Amino acid sequence: MEESSLSRAPSRGGVNFLNVARTYIPNTKVECHYTLPPGTMPSASDWIGIFKVEAACVRDYHTFVWSSVPESTTDGSPTHASVQFQASYLPKPGAQLYQFRYVNRQGRVCGQSPPFQFREPRPMDELVTLEEADGGSDILLVVPKATVLQNQLDESQQERNDLMQLKLQLEDQVTELRSRVQELEAALATARQEHSELTEQYKGLSRSHGELSEERDILSQQQGDHVARILELEDDIQTMSDKVLMKEVELDRVRDTVKALTREQEKLLRQLKEFQADKEQSEAELQTVREENCCLNTELEEAKSRQEEQGAQVQRLKDKLAHMKDTLGQAQQKVAELEPLKEQLRGVQELAASSQQKAALLGEELASAAGARDRTIAELHRSRLEVAEVNGRLAELSLHMKEEKCQWSKERTGLLQSMEAEKDKILKLSAEILRLEKTVQEERTQSHVFKTELAREKDSSLVQLSESKRELTELRSALRVLQKEKEQLQTEKQELLEYMRKLEARLEKVADEKWTEDAATEDEEATAGLSCPASLTDSEDESPEDMRLPSYGLCESGNTSSSPPGPREPSSLVVINQPAPIAPQFSGPGEASSSDSEAEDEKSVLMAAVQSGGEEASLLLPELGSAFYDVASAFTVSSLSEASPGVPANPPWKECPICKERFPAESDKDALEGHMDGHFFFSTQDPFTFE
């Protein structure tokens, strides 16, 4: 640590010290609580020291401890921490003012506490005056501060336990709500998954429906194409059929023509054959005629010889030759007539050949037309089969599509209904989730508020606990001091009791002597009137302090070996304030009234001392003398006997003059003294054991 002048840390944004007491008890641990502002990075090199108020340098510390490094916080809230100063390093008690100071590793003071002192506790500082809640009485209760603090600590602990139970209940509720939210989220995820699956199925069915629609459109288009092709083929077939019919008609006509030509050819051939046969016959006849002519020529030559002989025969032959010539002319004419017939036959043959060729061509064309027709018929049949197959498939697809469409409609309706149900369910779940999130947010807010309040209560409880520990330590120290003082007072009381017994014996002796003198001078007093009681009362009023004992204060309590002062000299004037417990009273009415008034005065002084506090009462013990002893021992019954002369001197009970509590007449003296001591002294037992 480097030496530097102290700079006053600002109260805003610096380290704040919590619940710093004005005084601390030495020889006990001192716990220092502080909070670090948000954003402060604590270090192990930071330290907290106890400085004098006037200290101007960080090296002028009395003692210091290293600061504790708390766990890192991420919520931006201040960090609470605490350190302890050991009792052996604390300053000595005195009037010097000290303060806590937080010094960082750079040697800069980041915060300082209000000033405080180290001093021993005083007994009267640990008493607390409480007023009763009900207004029925004006009694002030003087109780130990430790009892009040213990009650407050018990209440704080009970409140902390209630808050912890409430926190546990809220955490259980939050856990249940979280589990319910998780279940709802799981159900929502399942519903969303089912919805996504149904959506996928719906999309798949939509795609299938689209594909089926496209396939149906394609098949419809193909069917239209096929129907158009079929119609076209039917038109072609009809055209071909018409052409074939025309060709067949033409072929039949050609066949008829060919048949007619064939018949005509055959007729012509028969005629030609007949003509040829006739020609051959004519040629044969001509040849025969030629041969005959040759023969005739020969014969003519022979006949020339015989011409004459056969003139007539020649003439005949000439006639026959002429006739033959005419026949030959006719035959030649017929042959000439047969030439156009040959030409016509040749033309008919050529026409028949061309007709045959045309018939062959027509046969070939008819065969090709028949083949085309067969092919067309086969293609038509195949097309019809394909169309029938396509129609069957289309019908099947239409039926399947209708079934799929019905099923799809049903599934779509079911899906729409389920989607509506899922939507309603999702809306309900969303509303439930929103409500649960709102409830969880409220619960979180309330839990955060409870946590904050619990942390605050915890901090305050820790501070109160530390304060209670400190006060408990102070109370224990004070109780030890009070116990010592009580022991000293008990010793002094025993000494006072011994001294009072001696004084009582002396007073009895003096009273006996005085009563003897009073009995001797009774006649003189009767003649002199009431002057003697008046003078006696005046003497009592003039010197009441002669009956007082020397004062024993708390300042002399340390000298436990000192003995009480000895009895006064017999020659000193002694005034009896309360002679009733010493011997029977035989004095007159004036003395009784004087003794009663003085007893009432002493009783009022005693009650005032009791109400003002135990210390004053203890200080008045020596001054009250035998009267206080008689009251404390519960043997004073003179007031009762004087108040009611007709009642017996010994009542059936013993009464405490402070709290008016009655005890049996056979009660022990020590018990009554202990009861009286309870009004002025604390118990030596610890009020509670703090763990």
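The backbone N, Cα and C atoms fix where each Cβ goes, glycine too.
Swiss-Prot assigns the feature region 'p300 KIX-binding' to residues 1-30, out of the candidate ranges 1-30, 331-360, 421-450. According to Swiss-Prot, the feature zinc finger maps to residues 653-679, out of the candidate ranges 59-85, 275-301, 572-598, 653-679.
Counting every protein chain shown, the number of other Cβ atoms lying within 10 Å of the Cβ of Cys656 (Zn(2+) binding site) is 17. Comparing the binding-site residues Cys659, His675 by how many other C-beta atoms lie within 10 angstroms of each C-beta, the top residue is His675. Note on the coiled coil (145-205): mean pLDDT across this stretch is 84.
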